[in-house]
Amino acid sequence: MSTIIDIHAREILDSRGNPTVEVDVVLEDGTMGRAAVPSGASTGAYEAVEKRDGDKSRYMGKGVLEAVAAVNGEIADELVGFDATEQVSIDRAMIELDGTENKGRLGANAILGVSMAVAKAAADFTTQPLYRYVGGAAARILPVPMMNIINGGEHADNPIDIQEFMIMPVAAENIRDAVRMGSEVFHTLKKELSAAGLSTGIGDEGGFAPNIASSREALDFILKSIEKAGYKPGEEIYLALDCAATEYYKDGKYVLSGEGKTLTSEENAAYLAALVNDYPIISIEDGMSEDDWDGWKALTDQIGDKVQLVGDDLFVTNPVRLAEGIERGCANSMLVKVNQIGSLTETLQAVDMAHRARYTNVMSHRSGETEDATIADLAVATNCGQIKTGSLARSDRLAKYNQLIRIEETLGEIAEYAGRSILKG
C-alpha cells in the first residue's frame, strides 16, 4: 500500500519570483507527499548543482523545465514501484541514476524535490508527523531561532558587507515565546530605523535593509531595539552574524567595501574577534571564505572556544567537506541546507557526522524560499537545537515559525525548547 505509483513535478515560483521545482509523490493507497525546493543567492562553489534551463527567453534563463522533465521522466520511471518507506534506497537509486559527483546531470533540485516528497508521503502513510517519522521517538527539541533582522551583502541592496545580523532569544520558555520576543524586537527596530530616517524596506529574508555602511552601526541599532523592547542583550537575547565572507574575498584579501577596508585573513580574524569582544555575539557563520582553510583555522584558534563558528559555504552540508574541516580543526558547527547536498539521506548523514565530531548543527532555509516548511520538521527530527529561517516578515519565513509552534503544541509536555543549552561554556 505504500508503493509509489506516481511522481509528478511542476515549475512554481519561489519568494524571489524565480522558478523552482515542486514535486508530488502519490502512493498506492492515495496518500500524497508534496515538496518544494529552495534556492540560494550566495551559493557555495562546492554545492550540488541546481539545474537551470539557461533559456534567456524564459525567466531570464532561470527556468527549471529541464529539472521538471527529469523528475517526470527518468526519475519517475526509476522509482515507480518502490516502497516509499525505503528512503535510503530511493535516494541512493536517484544518486546512481544521476551518475555525477554533484548531481549535475539530473539536478539537485530535481532529486531533492523527490526525496522530500517521498519522506512526506511515507510519513502520512504511517500516520506520523514528518518530524516523528524522520527523527523517531527522541525528536522533541524545539530549536532556538536565528532571526535575521538586518540584511546586507547579497541579500540586500545596501552597502553593508556582512550579510545577516540576527537575534537569538535564548531566554524564552518555549518556541511560542521565542517567536514573540523576536517579533517585538523586529517591530521595535522598525521604529528605530524609521526615526533615524532610514529605510524600512526588507531584504530577501524579511530583515530590514537600511542604507548604513558600518557593521557596528547595524549592531548598535539592534542592541538599542532589544533594550527598548524590554529585554537584556547578552542575557535574554544574543546576537549572531552571517558574514558570507566568500562574497567579499578577492585575490586572497577580504574587501569590506562598505567600510573601506581590505584585510588579510589574520586581520579579518582580528576584526571579527573585536566584534565578539564588544558585542554579545555567540555565533558567526562563514567568517572566512570557503577556500581559506588557513583563515578558518586562525579564526577557530582565536575565538572558537567562545563562539559558535558555523561553516556554510565551507561545508555545504557535504560529509566529504565536513570531514576535511574536522581533520583541520576548522569551525565547530555546520549549517544544514538540504539543497546543498540534494537528498534527505545525505543531509541526515552529514548531521550525524557533525554530531559525532561534537560540532553543532544549525538547520537552515535559503534566501529563495517557498511556503514549504519541511526544515521546521527536520530541525525537530534531528534535535539540532538551532534553526535559521529568516525574519519576522514574509510568509515564506513565517511558515517555518508557525510550523514549529504547531509541532510544539503537538508534542505537548515532552517538548523542550533548546534555549540556553546552546550557549558555549
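Note that Cβ sites are derived from N, Cα and C of the backbone, with glycine treated the same way.
Cross-referencing GLU205, GLU285, GLU346 with the Mg(2+) binding residues that Swiss-Prot gives (ASP242, ASP312) picks out GLU285. In this record, (2R)-2-phosphoglycerate is bound by GLN163, LYS337, ARG366, SER367, LYS388; the longest C-alpha to C-alpha distance in that set is 17 Å.
Secondary structure at LYS388 ((2R)-2-phosphoglycerate binding site), as computed by DSSP, is strand.
Among the binding-site residues ASP242, GLU285, ARG366, SER367, the ones whose Cα is located within 10 Å of the Cα of GLU205 (active site, proton donor) are ARG366, SER367. Under the three-state DSSP scheme, LYS337 ((2R)-2-phosphoglycerate binding site) falls in the coil class. Taking Cα separation as the measure, ASP242 (Mg(2+) binding site) is nearest to LYS388 of the binding-site residues ARG366, SER367, LYS388. The distance from the Cα of GLN163 ((2R)-2-phosphoglycerate binding site) to the Cα of GLU285 (Mg(2+) binding site) comes to 10 Å.
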